[in-house]
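Chemist: Pasting a structure here, questions to come.
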Protein chains: 2
Amino acid sequence: MTDILRLKMLIAYDGRPFRGWQSQATKDAVQDHMEAAFAKTIGGRVVVHGSGRTDAGVHALAQIAHADVPAARLEVSAWRGALNNFLPPEIRVLRVSRAAPDFHARFHARGKIYTYRMWNASYLHPLEIGRAWHMPSKLDLDILRQGAQMLEGKHDFAGFAANRAPGYAAEDTVRTIQHICLTRRGDLLNLRFEGNGFLYKMVRLLTGTLVRCAQGRAELTFIKELLAGKGAKKTSFAAPAEGLYLTRVLY
Amino acid sequence: MTDILRLKMLIAYDGRPFRGWQSQATKDAVQDHMEAAFAKTIGGRVVVHGSGRTDAGVHALAQIAHADVPAARLEVSAWRGALNNFLPPEIRVLRVSRAAPDFHARFHARGKIYTYRMWNASYLHPLEIGRAWHMPSKLDLDILRQGAQMLEGKHDFAGFAANRAPGYAAEDTVRTIQHICLTRRGDLLNLRFEGNGFLYKMVRLLTGTLVRCAQGRAELTFIKELLAGKGAKKTSFAAPAEGLYLTRVLY
């Protein structure tokens, strides 16, 4: 019987060249590139389990994934170099360690931190192209903070979830957001979301809706209604993918 | 007689798509794009004078330039929007102001600050591609600091200048570097050069040579010899363009 080694990986990627994390028929997702790098390293199929999906264009500073490999093939310390050797430069495995045999990148995650970057000035700085949402209009940061405070805590966030393609099982849409933290440094606005989990497109819908209020184009009562409606009412204001970063997975 | 207005511009660019600042026959330099934007705005030729050249691939956080335009054509406050409207997104005019009629972006510059970024880890972070020099080898930062100290002050830097194409007039190669400041934040190493002027490729040659010493592949005496040789001996260790940023022009 082959001894199996479970690897835990810390992965960073620039989201722009890829169709999100989750494997695609077109094989241009981050997971596809990861699995191809494993296949090239050991010549057999390896399934890579991420902590969760990121959409097309969304960046990751610290995605976590696990995969099982035959223990005899490579030292744990050799995997990082082997995988990076076959990965495109826009995906880098920053760390590889031995995980417990029952460690699961998705099921064991007890929370996540996402960061959303906005460039709040008339013109987008050229070094922020593809890395921040360009927001030329004036924002009322007090409103933004008040809205963020309303979203903190345990709520049914169905009003802040995009519908999945048919075929997905109905999902429990109750989540807890521990903190939403707003910081400003010059023209750069940063929204940091820490929660026990996020629904499909939820961070982008939260950000887009908060910004809508901070622009004065929606009232804060809109957020109250979305939370109370439990999905009866949905927001359609999604911030674009390029400003979003998966910043940390909590175990 | 047409009244002339001299504009002073603060410009940022991502250096990657362009063949440097200085106008090229191929019209793909930053200056060419600036002049094309002026031509599209007022329908006539305008010469844009930068504070100095940046090489192909070098970024600018704060390039300064001036240009003369007919005063009656546009309000000063309207120029920023007009130019950005015709510029590629990788070049942005951040500020436009009225300059004194005798202000000269190049001749009046009394100094410049350049920043050189290095990513000092086994693998280049995917979000640093094209924005930092990937330096996987271990660096002795004490050596780097000692070398930097030797370079500070007034010296003949001919040993740290690339030869220009034939036809360039022989240039005075004495410059003063006020400070070289090294900072480290995680895997990111930053070298900040403040000086009264820099020769062709000088910052890249200074950085490359300092790094060569910090890698243990050259002795610090090499730097001493280059300074004493006044061009009799030249260094060929140039750091790549992608890590270099024109950070400020001092007037």
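Backbone N, Cα and C atoms are what each Cβ position is placed from, and that goes for glycine too.
In TrEMBL, annotation is done automatically, which means it is predicted and not curated.
Taken from TrEMBL, the feature active site, nucleophile applies to A:D55. Here TrEMBL flags A:Y114 as substrate binding site. Residues or ranges marked as domain 'Pseudouridine synthase I TruA alpha/beta' by TrEMBL: A:11-107, A:148-251.
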Chemist: Considering every residue in the domain 'Pseudouridine synthase I TruA alpha/beta' (A:148-251), what is the mean pLDDT value?
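Modeler: Mean model confidence (pLDDT) across the domain 'Pseudouridine synthase I TruA alpha/beta' (A:148-251) is 93.
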Chemist: Let's see if you can do this one: DSSP helix, strand and coil counts over the domain 'Pseudouridine synthase I TruA alpha/beta' (A:11-107), in that order.
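Modeler: The counts are 24 helix, 25 strand, 48 coil.
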Chemist: Between the Cα atoms of the residue listed as 'active site, nucleophile' and the residue listed as 'substrate binding site', what distance do you get, rounded to the nearest Å?
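Modeler: The separation of the Cα atoms works out to 13 Å.
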Chemist: Looking only at A:D55, A:Y114, the recorded positions on record, which one has the least crowded Cβ, with the fewest other Cβ atoms within 10 Å?
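Modeler: Counting other Cβ atoms within 10 Å of each of the recorded positions A:D55, A:Y114 gives the minimum at A:D55.
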Chemist: Would you mind splitting the domain 'Pseudouridine synthase I TruA alpha/beta' (A:148-251) into helix, strand and coil residue counts from DSSP?
Modeler: 33 helix, 31 strand, 40 coil
Chemist: Which secondary structure state does DSSP assign to the residue listed as 'substrate binding site', in the simple three-class scheme?
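Modeler: Note: the residue listed as 'substrate binding site' is in a strand by DSSP.
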